[in-house]
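Student: Have a look at this one before I ask anything.
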Amino acid sequence: MVRDRLERIGVVGAGTMGSGIAQVAATHGYEVVLRDVDPEFVERGFDAIDDSLTRLESRDALPDDSGTIRDRIEGSTDLEAIADCDLVVEAVVEDLDVKREVFADLEATCDREALLATNTSTLSITSIAGNLERPGRVVGIHFMNPVPIMDGVEVVVGEKTSDDAVALAHEFSGDLEKETWEADDRPGFVANRILMPWINEGIRAYDEGVASKEDVDRGMELGTNVPMGPLRLADHIGLDVCLHATETLHEELGDRYRPAYLLKRKVEAGDLGKKSGRGFYEYES
Ligand SMILES: NC(=O)c1ccc[n+]([C@@H]2O[C@H](COP(=O)([O-])OP(=O)(O)OC[C@H]3O[C@@H](n4cnc5c(N)ncnc54)[C@H](O)[C@@H]3O)[C@@H](O)[C@H]2O)c1
């Protein structure tokens, strides 16, 4: 069983994602503890929050004044500070060993019924929770970057994640005015399993002289109606983050670039998409 009511939220890791998650939770009225290993990192997290709140306030996009929201967030380097949190979201570096250590600490520190979530982009939830006594309360709540701007959250279900942990993850995300989708705990889940090869191929296309970098991006923006082409998006995400995610996917999934079997089979069957009335979906003629 996990708690059915959340009031106090812990966020572990005050970097790009942790500071964004803390900000959005505080904006929606939660009491937040933002924890990192060094006071300097906590301060850096608050600087990012202050900048973002100031920008949003100037656009009249906050429900309360920025000072009130900011006051709901307490910074700490002390693990004990999150002991009485109802939900802890882990947003530390994308390293399985580090995350497993953090979750062991959380299990030892937090209340038995607290929900424990990871913001991992690509690592296995099942593995992160693998050594715990109560893995049922561990769920993926995968926020998108930048957290205050992006509307969606991916809820990831590990092998042992309980139904009430999943339900609470959706509910919490909904409280933050995020829409959710749900993914099984397989490499990259939905978002990065599809996004990372797309970015990777954009980089290759540029590198192989298919088009200038501007035209790779413009081609995808104008040609497929995405708001940002792959090279610009990679820059926004961080090329190191992209490389790390792609390496993890490569290790887990191997060569993903051959045409999918299902694609060939559907074409052979004449299911060509909207124009034939049926592709992966059915269409009215
Ligand atoms: N950056 C993105 O675009 C993005 C998007 C979605 C998900 N994610 C995921 O979110 C997580 C965090 O990514 P980020 O980009 O915010 O990283 P980041 O490097 O900006 O921040 C990580 C923070 O974690 C802190 N940290 C490390 N070990 C810690 C520990 N034991 N206890 C407390 N704090 C610790 C570091 O000091 C650092 O401040 C990763 O799992 C990443 O894959 C990132």
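Using the three backbone atoms N, Cα and C, a Cβ is placed for every residue, glycine included.
Pulled these from TrEMBL:
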BINDING   Gly13, Ala14, Gly15, Thr16, Met17, Gly18, Asp36, Glu94, Lys99, Ser121, Asn145, Lys275  NAD(+) binding site
DOMAIN    9-180  domain '3-hydroxyacyl-CoA dehydrogenase NAD binding'
DOMAIN    188-283  domain '3-hydroxyacyl-CoA dehydrogenase C-terminal'
SITE      His142  site 'Important for catalytic activity'
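Give me the local environment of each listed feature.
Tutor: In three-state terms derived from DSSP, Lys99 (NAD(+) binding site) belongs to a helical segment.
Mean predicted confidence for the domain '3-hydroxyacyl-CoA dehydrogenase NAD binding' (9-180): the pLDDT average there is 97.
For the domain '3-hydroxyacyl-CoA dehydrogenase C-terminal' (188-283), residue counts in helix, strand and coil come to 63 helix, 3 strand, 30 coil, using DSSP.
Look at His142 (site 'Important for catalytic activity'): DSSP puts it in a strand.
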Student: Of all the binding-site residues here, Gly13, Gly15, which one's CB has the most other CB atoms within 10 A?
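Tutor: Its Cβ has the most other Cβ atoms within 10 Å: Gly13.
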Student: Just checking: which of the binding-site residues Gly13, Met17, Asp36, Lys99, Asn145 have a C-beta under 6 Å from ligand 1?
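Tutor: The binding-site residues passing the 6 Å Cβ test are Gly13, Met17, Asp36, Asn145.
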Student: So what sits near Met17 (NAD(+) binding site) in its own chain, CB-to-CB under 8 Å and at least six residues off in sequence?
Tutor: Ala91, Asn119, Phe143, Asn145, Val147
Student: Could you measure between Gly13 (NAD(+) binding site) and His142 (site 'Important for catalytic activity') for me? Cα positions, answer in whole angstrom.
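Tutor: Each residue's Cα considered, Gly13 (NAD(+) binding site) and His142 (site 'Important for catalytic activity') end up 14 Å apart.
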